[in-house]
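One structure is given below, encoded as structure tokens.
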Amino acid sequence: MMDEGSVGDVSRIDEADVAHLQFKNSEQSFKPENIEVREVKEVQVQREAGSPDCSYGVIADFLDGKNGGDHVELIGNEPCSSRQNTNDEGDVVEELTVKTCEGSSMAIVGRPSSRARLEMNRSQFLHRFPLDGDLPGSSSMSKKVIDRGTVSILRNAGKMSLPETSNGQLAIIAVNGEANEHLTNVERNPVPVEALSHEGIKTKMLSQSGFSQFFVRKTLKGKGVTFRGPPNNRSKARNMDQQTVASSGSALVIANTSAKISSSIPLAAYDGLPCLPSNTSKPSSCANPSDTHRGCGGEGLSLREWLKSERQEVNKAECMYIFRQIVDHVDCSHSQGVVLCDLRPSSFKIFKENAVKYVVSGSQRESFDSNMNKETLSQLENPLVRRRLGDTSSLSIPAKKQKSSGPSSRQWPMFQRAGGVNIQTENNDGAIQEFHFRSSQPHCSTVACPFTSVSEQLEEKWYASPEELRGDMRSASSNIYSLGILLYELLSQFQCERAREAAMSDIRHRILPPKFLSENPKEAGFCLWLLHPESSCRPSTRDILQSEVVNGIPDLYAEGLSLSIEQEDTESELLQHFLFLSQEKRQKHAGNLMEEIASVEADIEEIVKRRCAIGPPSLEEASSSSPASSVPEMRLIRNINQLESAYFAARIDAHLPEARYRLRPDRDLLRNSDNTVAEVENSETWSSDDRVGAFFDGLCKYARYSKFETRGVLRTSELNNTSNVICSLGFDRDEDYFATAGVSKKIKIYEFNSLFNESVDIHYPAIEMPNRSKLSGVCWNNYIRNYLASSDYDGIVKLWDVTTGQAISHFIEHEKRAWSVDFSEACPTKLASGSDDCSVKLWNINERNCLGTIRNIANVCCVQFSPQSSHLLAFGSSDFRTYCYDLRNLRTPWCILSGHNKAVSYAKFLDNETLVTASTDNTLKLWDLKKTTHGGLSTNACSLTFGGHTNEKNFVGLSTSDGYIACGSETNEVYAYHRSLPMPITSYKFGSIDPISGKEIEEDNNLFVSSVCWRKRSNMVVSASSNGSIKVLQLV
């Protein structure tokens, strides 16, 4: 005897090996009075509340003999509870084989997969459950049992399960007149027809069986579900699906008739029969369920949701374009012989560019085949199939209700939950026809499932055709009717869902709103054509596509596609143009590189020749120069890019020597001077046209110095005081004294050599001259040694006698602060001053009144006389420009230098033809005055831009000497440049003075260098910080 442990011995089988029920009927005719039920114990199985009556009606008809043929009844669809572990997700298949033969006995054995085990189990079962004529020792009868057909019952969740009574006994109803004679040792109780009424079904239970451990231990409950095949046909059935549905318990009723059946019919229990799929070949992509386009171009939006969205107004062109796509899809499906089952908005999704895709599964489609013969259609006359194909399903819907209503029902997750049957029938002619049934998908019916939302039920009702509501099969004309409903809903706009429901109810009676008729007269008539009550009067999809309403719809998506293609073409052309330009640029660059390489090789040869002409250096010179040469080489490598730019710029100028003579005709202003010696020196310096030689000369001067060293420090008692900011520094004619002036309202004269005396703790000025307001600038007279000019914040220009410490003259014609004052080196009696009153005034030391005034459009920040010409004056302005005037013509500037991005704070002459300017845009610019133009901006006159220091808001000082340039920085540093190269030679960082210890520390505390001044007879520069500290720095 088998116990519960035998469950583990039950092997799994796949779909191909599905168990089947085979039997051969006896020669005895089937009559209701021949039905007897052998039982050991009797159980009354009550019908559940809400169970359908149709199941019992079918059974009653069957018992009354109204339907002949083979009958296999699956009683019950109720899910059963089990003591099995419900968390087990594995599939366990248990098979019970019932063997029967004529005039013999009925035996139940185990799995037929093993012949030896089959014999052993059979003998054990017959010994435990002896039947009539099958007593121990009747081997011949046992052999007949094996040789005859077998009845195999597949225990599979969702297909069939054999329930047990409350005491664990297996319930089997045997409807076989001949088999009853072989059942012995049991009580014979015939079952009347009334026993199968709506009140209950009586069953007889076998005695204790080891197989009971394989089945549900619960009293059988449920209804009979009958399949009636056509008479005199041979039938086969096989499993079709592997999908899962809820398991249900069933009692098996086997009825044999007088007709001989050569083959067996395997059985499976269903929650409800599905729609009949198509026998035709698989349709094209437009109807193929594999091409549902889910997530294509994004998840998309359901057309139903799109219709429910708050549309401000109906875009007819957009809606008609959507409608045409759906018609195209339906036409494609109809051309493949497929009728769309769910042709309604919820079955479509709308994507970008209003592209519409059909997204329902393939089981929700039906096919129509005009070539289906009448005999095949007669198979569908079976009541069960006919009900399934109609608009209601009395079997499937209550079955689902039972699943959701039963409080104690549980499923067996280890079993598969869906099934299918493929019925092959063979007529007397030998023709074989095949029907496929699937239960893997919900039935598509006009009566919605309990799990369907109310809106979905309403949508199904709205889009169902009149013939579908009457119970007829769905056809291609039904899809046309649904298209008419869809067209009306697309072109309509509803205030609320209640208004939508009312309008959709009216359209079924062909009632259109007046607003719809007035706005869409042509579409309204077209819509009524599609909604014709008679299906034969409705158009086909081909007629719809060829109609004036649909055929004239612009292909918006195609237009968008064409625009996209045009855009791609434009982008492609643009990319091609870019690549051509890049290629041309690279080729040009390659040509320039070849020219530059040739120039470098030519210059190398020239340098080698010059060195050979000079002669080899002596051993002492070579040994002395080698250790020091490493430092300049490192600096050159660090600045190689800037050096290359300057070198090739010099090469370009060397190849255009005639450009030097394309100069303005009044360039004599640059040399108009009474200082003949200076003019001769300058002519000797610039008489050569060797620009490359000039570059090499500048490179040597740049590499000559590498750093600043401190040579002297001016120590005063007023350090770290903001009132000590020094705005201007200047050496006298002999450079023995220098003057300082600033916010302290004092002009102080210091002896230069005294700064080198380190034994002095505090340096006092040689002379000190007070002023009424803050001082902005000072300038020594280059001819009269003791004359000093100053400018202050009151706009007063004063002439001081340094010997006496008194002011000689006051020039008070400026209306605002005077920023700068300068003496002319060529004419020592002339001086000029610039002011915030946007004017430059010319003075003479022998006269009180102004000699002349230059009016400017912006504030004047600095003034500077040319060192060679007594008539050339330059000044910087806050309008980012530098102006040069011929003092013989004050009405218009001689040239305007434009290139800075901020105010020009300083302007200094390097020589009579070169000017350097400083600006608060962090740059210095070198201007070649020979390249300027008259009456316009001279943007091409800038020959070099220096950068590296910081100057954004303060006056930091500017000074020049023999081609070297010094300036301050807002980082509290002093920078040194040479005119030939744009990068700094070196810089020096000022430190702040500790007020307690008096020592210098690294912190700058937002200090900046406020003024610098070269001592031209040496490579020294005096610089001042904004805290009043003054240092003498020397380039080494």
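Here the Cβ of each residue, glycine as well, is placed from N, Cα and C on the backbone.
Swiss-Prot assigns the feature coiled coil to one of the listed ranges (162-186, 587-611, 687-711), namely 587-611. It is 915-930, from the ranges 51-66, 307-322, 339-354, 915-930, that Swiss-Prot records as motif 'DWD box'. Here the coiled coil (587-611) has Cβ contacts under 8 Å with residues 648, 651, 692, 696 of the same chain, all six or more residues outside its ends. Counting Cβ pairs closer than 8 Å to the repeat 'WD 7' (1004-1036), the top stretch among 813-855, 899-937, 948-987 is 948-987. Summarised as a single figure, the pLDDT of the repeat 'WD 6' (948-987) averages 94. Sequence-distant neighbours of the repeat 'WD 3' (813-855) (same chain, 6+ residues past either end, Cβ-Cβ under 8 Å): 673-675, 776-784, 787, 789-797, 799, 861-870, 873, 875, 883, 885, 887, 890.
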